[in-house]
Amino acid sequence: MSNPTRVLVLNSGSSSVKYQLLDMRDGARLAVGLVERIGEETSRLVHTPLTGGGAERRERTAPIADHEAALKAVAEELSADGLGLDSPELAAIGHRVVHGGLKFSAPTVITDEVLAEIERLIPVAPLHNPANVTGIRTARALRPDLPQVAVFDTAFHTTMPEHAARYAIDVETADAHRIRRYGFHGTSHAYVSRRVAGLLGKDPAEVNVIVLHLGNGASASAVRGGRCVDTSMGLTPLEGLVMGTRSGDIDPAVVFHLKRVGGMSTDEIDVLLNKKSGLVGLCGDNDMREIRRRIDEGDERARLAFDIYIHRLKKYIGAYYAVLGRVDAVAFTAGVGENAAPVREAAVAGLEELGLAVDAGLNAARSGEPRLISPEYARVAVAVVPTDEELEIARQTYSLVTSPAH
Ligand code: AMP
């Protein structure tokens, strides 16, 4: 029999599991799906086989009690299309793991020790790692013989130098609590920075790129020769850019003030800064399409929210330009970055002296392909690169399990 070439990518959230089955001979998707509202009465599984032959999207709405039941349901759906977890063509399962701390700087085959280490990181990633651990446990129980790989959101950022990763606080206190800047969205920053080099016809080792991952969560990174040297998210995904519902950078004294003067509890402040801030806090909407529609109707609050979002973005472009010294490309990705031409235009406006410009026609054109949107004369390329975290997780997983060392 030929070697197995399929990889199942699992992204387990606190009440959801997203999955994709890919064939690594060409990166083709064989099936994609999502289980949401796990543990609620209204659980839903949406499964879409993509193997052709007229198979269609299927939906189940029966209650799904926990992650184990969710993965079993996913396995059943895959089996119904002849793509089950027991298929000899399945080479590995790749798990997205949000926090890998300092220990994991590369994709890692999951053993009991690795799983225990991911669990030890729960105090620094209380929102994400518990769900990732549950997903891994369940998948291992279903296929104990199959290689399973953890691909960490933080891994790409472990190359950050100490002067970028450390906060300027007491070193002993920081170390005692593992407080430092870890960065997130690393799989996306890795994928996009590599694709940009390809767009420029260069090797990733030759180019310096600023990647702007602008989704509901948003982060920027400075990538020198394929290695991350700075990123905007920190100990948690709260730092940095203005996001859909997160504040991004803020004076930490705002927290003391809200506590001492505002009478808010730590948990209330946590919810305020993570869920009720950013664009939603500023104008009530976190969808950039809705914000642009309101701006077109003359809505002042939407306008101010947009301006604050762009101002922060510009500051990071400038900062990372200075960190890198020479910039070959600025790349926009994720929901807002890939789709919102006005955001790209405004972020780069006025930066001609830095060699940055966008061509209005190229910027407005819609496409799902990686593309350049800067004019010929611009010194710095501006690119739109649709991110593909699942493909990158599958690629890293497959390359690890097929490497001679494995
Ligand atoms: P993500 O987290 O990458 O899925 O991005 C989600 C966000 O992308 C949404 O909250 C919207 O703000 C934004 N978005 C998605 N589609 C569009 C679009 N066509 N135009 C502008 N913004 C969009």
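Including glycine, each Cβ sits where the backbone N, Cα and C put it.
Where the annotation comes from TrEMBL, it is an automatic prediction and has not been curated.
What TrEMBL annotates here:
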type     : residues                                                                                                      : note
BINDING  : Asn11, Glu389                                                                                                 : Mg(2+) binding site
BINDING  : Lys18, His213, Leu214, Gly215, Asn216, Gly217, Asp287, Met288, Arg289, Gly335, Val336, Gly337, Glu338, Asn339 : ATP binding site
BINDING  : Arg96                                                                                                         : substrate binding site
ACT_SITE : Asp153                                                                                                        : active site, proton donor/acceptor
SITE     : His185                                                                                                        : site 'Transition state stabilizer'
SITE     : Arg246                                                                                                        : site 'Transition state stabilizer'
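Ranked by how many other Cβ atoms sit within 10 Å of their Cβ, the recorded positions Asp153, Asp287, Glu338 place Asp287 at the bottom. The recorded positions near ligand 1, defined by a Cβ under 6 Å from one of its atoms, are Asn216, chosen from His185, Asn216, Glu338. You'll find the Cα of Arg289 (ATP binding site) roughly 18 Å from the Cα of Arg246 (site 'Transition state stabilizer'). The residue listed as 'substrate binding site' has a Cβ environment of 22 other Cβ atoms inside 10 Å.
Fewest Cβ neighbours within 10 Å among the recorded positions Lys18, His185, Arg246, Arg289: this applies to Arg289.
Long-range neighbours of Leu214 (ATP binding site) (same chain, six or more residues apart, CB within less than 8 Å of its CB): Leu241, Leu313, Phe332, Thr333, Ala334, Gly335, Val336, Gly337, Ala340, Val343. Checking the binding-site residues (Lys18, Arg96, Asn216) against Asp153 (active site, proton donor/acceptor) with a 10 Å Cα-Cα cut-off leaves Arg96. In sequence order, Val17, Lys18, Tyr19, His95, Arg96, Glu389, Glu390, Ile393 constitute the residues six or more apart from Asn11 (Mg(2+) binding site) in its chain with CB-CB distances below 8 Å.
According to DSSP, His185 (site 'Transition state stabilizer') sits in a coil region rather than a helix or strand. By the criterion of other Cβ atoms within 10 Å of the residue's own Cβ, the least surrounded of the binding-site residues Asn216, Val336, Glu389 is Asn216. Taking Asn216, Arg246, Asp287, Glu338 as the recorded positions under consideration, the smallest Cα distance to His185 (site 'Transition state stabilizer') is found for Asn216. When the Cα atoms are compared, Asp287 (ATP binding site) and Arg246 (site 'Transition state stabilizer') turn out to be 13 Å apart. Cα-Cα distance from Glu338 (ATP binding site) to Arg246 (site 'Transition state stabilizer'): 20 Å (rounded to the nearest whole number).
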